[in-house]
Amino acid sequence: MKGNGSTLLNASQQAPGVGEGGGPRPSWLASTLAFILIFTIVVDILGNLLVILSVYRNKKLRNAGNIFVVSLAIADLVVAIYPYPLVLTSIFNNGWNLGYLHCQISAFLMGLSVIGSIFNITGIAINRYCYICHSLKYDRLYSNKNSLCYVFLIWVLTLVAIMPNLQTGTLQYDPRIYSCTFTQSVSSAYTIAVVVFHFIVPMIIVIFCYLRIWILVLQVRRRVKPDSKPRLKPQDFRNFVTMFVVFVLFAICWAPLNFIGLIVASDPATMAPRIPEWLFVASYYMAYFNSCLNAIIYGLLNQNFRQEYKRILVSLFTAKMCFVDSSNDPADKIKCKPAPLIANNNLIKVDSV
């Protein structure tokens, strides 16, 4: 424990104004990183609270699939409430002065958030796969009770996955990014295991699920005759695309950092110094930025979320209660039932985020 504490103190002493190769860091760098982080924190908190409130208020959004969406929003909120503000403090102070305990808690919660996000995105992909490709079994597999159990299992697995970080000494302060985080160069074997099991394997599962969905949707569209009534509603397709975009942006934002981890783990002593500091910093803050994107995606691509966002914001400005069920709105009285699509299992339905 003392050894880790001294490592933290030594690292924090290296932070002020020192850049790659021991030279001075650009004066604008800290300001730019602070701006990115402030924007991320504000949009993360406001956006994900809107997501949670929207699902709570609107019966059309209160379904088994959106239980995973709320869980993902909670994972994104975790970093905005505690770790990111501490990183911001470190930027303003040009080093970490909050002590060893806060460093460990911050790094732990950051890892909890990212692994929780990956596992929830995987859960969402499996949910969409079952909904579309195995629609006859979906209601039995994804009752509200079962979905809550799946989300609980996701967070249990997340805790199990993150706990070894507390024992391996990999949670340390890195002055390059002003953050207490997972240190890739401490253990090659452990870093490779983290990247493989916490990123690559979940991504393979997600890619498989969405690839199967795309294939099935294309097959269904080709089977529909020109003179027949289309069975795949545009809104249904947009709802699926919404969650696909969430996955793609997550992969884009987190892939560079994970690939850097694999490169460093191959030979820490040789490869770590060869990673350009600008690339390392950019990959980290691109990953940080991802936590504020999901709520924006829902608002842009999903009509139900977009309408509920507007209602919540209007209710705030008109001093109405945000927690009132909005499903009694006249515009929502038209019930939308998912259209069955002839495909695998003879039925295919695409509905909800």
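Placement of Cβ uses the backbone N, Cα and C atoms for every residue, glycine included.
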Checking the topology in Swiss-Prot: do N94 and Y129 fall on a common side of the membrane?
no
Where Swiss-Prot annotates a disulfide for C103, which of C149, C180, C209 is the other cysteine?
C180
Around the Cβ of C103 (disulfide bond), the count of other Cβ atoms that are within 10 Å:
25
Out of 67-87, 191-211, 244-264, which stretch has the largest tally of CB pairs under 8 angstroms to the transmembrane segment (33-53)?
67-87
Among all the protein chains here, how many other CB atoms are within 10 A of the CB of C180 (disulfide bond)?
29
Tertiary contacts of the topological domain 'Extracellular' (265-277), as residues 6+ beyond its ends and Cβ separation under 8 Å:
19-20, 176, 184-185, 188-189, 191-192, 195
Top stretch among 67-87, 106-126, 191-211, 278-298 for CB pairs under 8 A with the transmembrane segment (148-168)?
106-126
DSSP helix, strand and coil counts for the topological domain 'Cytoplasmic' (54-66)?
10 helix, 0 strand, 3 coil
DSSP on C103 (disulfide bond), three-state: which is it?
helix
